[in-house]
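K.L.:
Look at Swiss-Prot and you will find Glu217 tagged as active site, proton acceptor. Among the features that Swiss-Prot reports, disulfide bond is placed at Cys454-Cys483. For Asn336, Asn400, the entry in Swiss-Prot reads N-linked glycosylation site, with the evidence type sequence analysis. The feature topological domain 'Cytoplasmic' is assigned by Swiss-Prot to 1-28, 577-610, with sequence analysis given as support. Per Swiss-Prot, the feature topological domain 'Vesicular' maps to 50-555; the stated evidence is sequence analysis. As annotated by Swiss-Prot, transmembrane segment applies to 29-49, 556-576, with the evidence given as sequence analysis.
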Amino acid sequence: MARISFSCLFPASWHCSLPSVTQFSRQRVALLIISVAVFILVFAAVADLQLWSSRAFRDRQFRRYLDQIEDLEATDTKDTKLNYGVVVDCGSSGSRVFVYFWPPHNGNPHDLLDIKQMRDRGSKPVVKKIKPGISTMALTPEKSSDYINPLLSFAASYIPKHKHKETPLYILCTAGMRILPESQQIAILQDLVKDVPQEFDFLFSEAHAEVISGKQEGVYAWISINFVLGRFDHVVDEEDAVVAVTIGTQEESIIRKRTVGVIDMGGGSLQIAYEVPTTMTYPSVEHEEVAKSMLAEFNLGCDLQHTEHVYRVYVTTFMGFGGNFARQRYEDMVFNDTITKNRIQGQQIGVHPNSPLQDPCLPVGLIDQVRRQSHDLHVLGKGNWDSCRQQLEPLLLKSNDTQAYLNSVYQPSIDFSNSEFYGFSEFFYCTEDVLRMGGIYNSQKFAKAAKEYCSMPWTTLQDRFNSGLYSSHADQHRLKYQCFKSAWMFSILHNGFHFPHEYPNFKTAQLVYDKEVQWTLGAILYKTRFLPLRDIRQESSRPAHVSWFRISFVYNHYLFFACILVVLLSIVLYILRLRRIHRRQARASALDLLLMEEGVHTVLEPGIPT
């Protein structure tokens, strides 16, 4: 190959030579340029896809924000496409009616109805409560429909009249009705089923009026919380926590959003509900029977063949483990123990005000009396939080086995490395009303604050209360029993349910997205789960047609870059083909030259003298 040399008066080692720029080198340069261009285009495509994904994520976040804002706006009853539903919660102390609405289903069998609570023109929730409870109609069941009439009239006034005939009505009775004999329950429900349709045009049948169990109520509450938090939306974003779920005998696990567990401590009872994602094994038939009575497996989807909305939830209610009832149990225990010790040891502790029993669960210096069986036990607050927790340990009634279950009730294990829980009612009041620590729970900070509160003199707490240093919801009852209830909450959470002290995913709350969430939302979600089938069938019966406007923006990008790659690949193949043709021509020229040289030698050979 010919070479082009550059020489100058430099040292010999500086002399250099460059290959001649031939057609081959030009092809190599062109191929290199095309390769770089392809790399740049592919890089741009990947970057654009990531940018699109980021924008899509921000769009979803923005839509969620808009949905939260829309939830607080007045319901547009002029929208003829809206559907409505009514749920009456017949509780022990009173009954409440809730009105819900939802737009037409989007036609995707994997999505649930978008049910929201109706709001009036002032953007207030449409809800009405009456007292006393419907259980007071036990002796006069024929008046049950008259009792509930004001609630239904209230709901009917907010729902467009032409929508009444297609609006389902559910009357669900809870604790107050459960304690009645079955005959009285049936008499009340029969009167409702007979008389309500004569007064109102709602969709209402015998199956729409029932007394639900505590287990059902817990499941509905669990559904409500997770629905509002968006945990049933199976579009998983990068920041969403997921869990692998096994359903029945399926070998492959379903990967979906992690649901939250719910712990609710009221005044009289304690309830816990959480998903059990894996199929359980039991050491004995007895354990299996007990576990099945506390597990609820249900499908929230409209298609029973689809298992992505099948959930297995553990629900248990502990009667007597609420904050106020636990205090009564504690006072009973202290009273009986003190009377017994006084009788055995001949002492007079607590009998007179000048020799009170020191109670570690009351603030320092607080004077109180416990009356049982016409006897008074005088107590004086000692304010020792650790000692209080020790005295509360027997009230947990834990089993003697290795699991040490709360109240000796079986509980499936919780994966504390991949779970999340919300604490409501007393959990929120204990952390927020006085300690002002509601929200994300930290056991060390909570224990420190609780100890400091308990050790404060009662007079100091009164001064702080009068100065407005506590929540507006705090009252004298809260100040008096905060020390006890904080110790009880701590014991329930860590000694009863065995939550690790460093567990990071427990939150105490009163509202979810600034609104109160009722179990009735979960009830209507479950009751109306098959309604989307109607919209899906209507959608499938329409003639299919293609709309270019429905093609995703990202697909256009894919098509654009695919076309560019095809063109570049064609250019590369064309250049390679030219190279092969050029090589063939070069070989042919070399062969011709060789043949010509051989021919010359052949001609010259005869004339050469020997």
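Each residue, glycine too, has its Cβ placed from N, Cα and C.
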K.L.:
Kindly assign Asn400 (N-linked glycosylation site) to one of the three DSSP-derived states: helix, strand or coil.
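P.N.:
DSSP assigns Asn400 (N-linked glycosylation site) to coil.
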K.L.:
Between 0 and 100, where does the mean pLDDT of the topological domain 'Cytoplasmic' (1-28) sit?
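P.N.:
The predicted confidence over the topological domain 'Cytoplasmic' (1-28), as a mean pLDDT, is 47.
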K.L.:
Which residue, out of the disulfide-bonded residues Cys454, Cys483, shows the minimum number of other Cβ atoms inside 10 Å of its Cβ in this structure?
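P.N.:
Per-residue Cβ counts within 10 Å for the disulfide-bonded residues Cys454, Cys483 bottom out at Cys454.
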K.L.:
Other than its own, how many Cβ atoms are within 10 Å of the Cβ belonging to Asn336 (N-linked glycosylation site)?
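P.N.:
Asn336 (N-linked glycosylation site) is surrounded by 12 other Cβ atoms within 10 Å.
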K.L.:
When the Cα-Cα distance from Asn336 (N-linked glycosylation site) is computed for each of the recorded positions Asn400, Cys454, Cys483, which gives the smallest value?
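P.N.:
Closest candidate to Asn336 (N-linked glycosylation site), judged by Cα separation, is Cys483.
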K.L.:
Using a 10 Å cut-off on CB atoms, tell me which of the recorded positions Glu217, Asn400 is the least crowded.
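P.N.:
Candidates: the recorded positions Glu217, Asn400. Fewest Cβ atoms within 10 Å: Asn400.
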K.L.:
Using C-alpha atoms only, work out the spacing between Cys454 (disulfide bond) and Asn400 (N-linked glycosylation site) and round it to an integer in Å.
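P.N.:
About 31 Å separates the two Cα atoms.
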K.L.:
Cα of Asn400 (N-linked glycosylation site) to Cα of Cys483 (disulfide bond): how many Å, rounded?
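P.N.:
Answer for this pair: 28 Å between alpha carbons.
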K.L.:
Could you round the CA separation between Cys483 (disulfide bond) and the residue listed as 'active site, proton acceptor' to a whole angstrom and send it over?
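P.N.:
Cys483 (disulfide bond) to the residue listed as 'active site, proton acceptor', Cα-Cα distance: 30 Å.
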K.L.:
What three-state class does DSSP give Cys483 (disulfide bond)?
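P.N.:
Its secondary structure by DSSP: helix.
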